[in-house]
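Student: What follows is a structure written as structure tokens; I'll ask about it next.
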Amino acid sequence: MKGNGVRQSMAWIHGWLGLIAGWILFAMFLTGTASYFRPEITRWMQPELAATPVSPDRAAQSAVDHLQAISPDDELWSLFLPDDRTHATRIFSRARANPDPDAPPPPRRPELRLDPATGQPLTARETKGGEHFYRFHFQLQIPHPWGRWLAGLCAIFMLGAIISGVITHKRIFVDFFMLRWNKGQRSWLDAHNVSAVLALPFHAMITYTGLITLVLMYMPWPITANYAEPAAFHAEAFGEDPEVEPSGRHVPLVPIAPLVRAASAEWQGGRASRVFIHNPNDATATVTIVRHGADTLNARSASITYSGADGRRLSASPAQGAGLATAGVMLGLHVGWFAGPALRWTYFLLGLTGTTMVGTGLLLWTAKRRKGATPFFGFRLVERLNIGAIACLPAGMAAFLLANRLIPANMAGRADMEVAAMFWTWFGLAALSLLRPARRAWTQCLTIAAVAFAAVPLVNALTTDRGLPESLVTGDGLFIGFDLAMIAIATLLGFGAWRASRVPAVITRKRTARPPVLSPAPEMADAA
Amino acid sequence: MTGRAVRTHMVARCATALVGGYAAAAGIASLIARLLPVPRVEATAWGMILSFLIYACFGLWAFHQPRLSVVAAVIWGSAALSIAALFLLGVRA
């Protein structure tokens, strides 16, 4: 474990941190990277919806009109307004609890998705959409709160691995220019170093800010040191939660669109993204309007609260000091809402670099231990888990998209079936791959993943009227981009499969003069 | 050391890094939040922001320092002292 120097001890701990958390981190990085296109994935997964851009004030009004018709006496209406990337108004409403304390609490209502123009429920296939990848990347499909804790543990391991990796790797900027292909272990080390160093500020940022996104859960103790009631911190930091007892005196809710326009004017044209209406149609009604996170780098957006009875401006979220603003900007940097299309693609590519860094680190572990001795149990375990994570997860993600097109659009429970398709494919393929020798398993799993991604544009063209030819004719940028991205991913996976199948290439290169310790065994290329 | 002693030491070291490191980071971050001479809402934010860095540093150092007794004394000691100080100071008025 411990050599004499700090570099030896850091190299040791870097290896263990990466090994223990690597597979989960790989999945978190890959699904998190996909989440930069969360609204776009959701739109792709509901191809029957046409885009009709509607201003936030009109969308808010149409949603409130709908809620007035179906449940005017609720306790809370939460509206998530559409923007240029989403084309539905999402609504969560909460019924007032029965005043009788013995009565069961009112059942939680499902999310409602409305057409922003008409305020009528959208009729589209049921799906979790991009939300699924997003949720998975920090909840890992494990019941609350354990998934979030496990993700947090992996993230702190990642932070430790980054710091120890930097200390280990003193020649960090020299190796930046060193990528030696076809040199077995040396190549994996180079690939690991290049992908890590290339985007080191991004990796460090995304890991630290990822921890910050859930800091209130992971590290609430600074709050308890300063506040007897945690709610007081939330009020001071983010504004009062105007949850008050209803008076029981009926006062119709004021029109909502003028309030949204007033808030927007106060933000010098900043857009509204969320509206929370407490006690609608009561004398105590309040309307809290939250600014869109894409307007500022700080994702803890400003909000303004109005009276719902007469439209008076009641309060606004407090100005943030340096510390809170830092935390808000960290959150903003992680979620990337502020990023326009070019920056979002940059985020996406950097996220893939992070995925590559984790993946090549895992492959390096096996490449290092492959030479000579008979493979021991731990080696086989790591190699099989590498195949299961790196080659089989992408196949599962493709299966999720394919299931969206292949499960009948009006089938009950189809959203959960799509999710099930991802996990059955992922873990099923990983289990099946155990039947094959490791090198074949790499080639075949990567091939299956490549074919699955290549099938997405085809199945889309066969099952919808928004295939690539039609999208090109109508200039449907989202669907063109999605199809091209699927083809690019399939090509990348196909390239991986081809490299994994090419063993002899490495043997022929063995003659190059190198110290024997670095010379790769013939099977080395199976991870290539 | 026998294999068993090595294993026991390693388990103790991991527990110190993981659990003790968290406790020490929580204690020190909370102390920063409690004592930093800025408004309490700001100090709380800084404490939370710095907590993960403190945790990571304790965790890595736990595997750098060869002597387990030193590791345990410093990490568990920092946790105990900072948490005791927080109890003595009480919640900020």
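Note: Cβ is positioned from N, Cα and C throughout, glycine not excepted.
Automatic, uncurated: that is what TrEMBL annotation is.
Below are the features listed in TrEMBL for this protein:
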type	residues	note
TRANSMEM	A:12-37	transmembrane segment
REGION	A:92-121	region 'Disordered'
TRANSMEM	A:149-174	transmembrane segment
TRANSMEM	A:194-218	transmembrane segment
TRANSMEM	A:321-339	transmembrane segment
TRANSMEM	A:345-365	transmembrane segment
TRANSMEM	A:385-407	transmembrane segment
TRANSMEM	A:419-435	transmembrane segment
TRANSMEM	A:442-459	transmembrane segment
TRANSMEM	A:479-501	transmembrane segment
Student: Please report, as numbers and ranges, the same-chain residues at least 6 past the borders of the transmembrane segment (A:12-37) whose CB is under 8 Å from any CB of it.
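Tutor: For the transmembrane segment (A:12-37), the far contacts come to 1-3, 130, 133-134, 136-138, 140, 150-151, 153-155, 157-158, 160-161, 164-165, 168, 206, 210, 336, 339, 344, 347-348, 351-352, 354-355, 358-359, 361-362, 365, 382, 385-386, 388-390, 393-394, 397.
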Student: At an 8 Å Cβ cut-off, counting only pairs 6 or more apart in sequence, do the transmembrane segment (A:442-459) and the transmembrane segment (A:321-339) clear the bar of 3 or more pairs?
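Tutor: The transmembrane segment (A:321-339) and the transmembrane segment (A:442-459): touching, no.
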Student: When each of A:149-174, A:194-218, A:321-339, A:385-407, A:479-501 is checked against the transmembrane segment (A:345-365) for Cβ pairs under 8 Å, which one has the most?
Tutor: A:194-218
Student: With a Cβ cut-off under 8 Å, give me the same-chain residues at least six positions beyond the ends of the transmembrane segment (A:419-435) that come close to it.
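Tutor: Contacts of the transmembrane segment (A:419-435) (Cβ under 8 Å, skipping residues fewer than 6 from its ends): 128, 132, 141, 384, 387-388, 391-393, 395-400, 402-403, 407, 441, 444-445, 448, 452.
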Student: Can you count helix, strand and coil residues in the region 'Disordered' (A:92-121) using DSSP?
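Tutor: Its residues fall into 0 helix, 7 strand, 23 coil.
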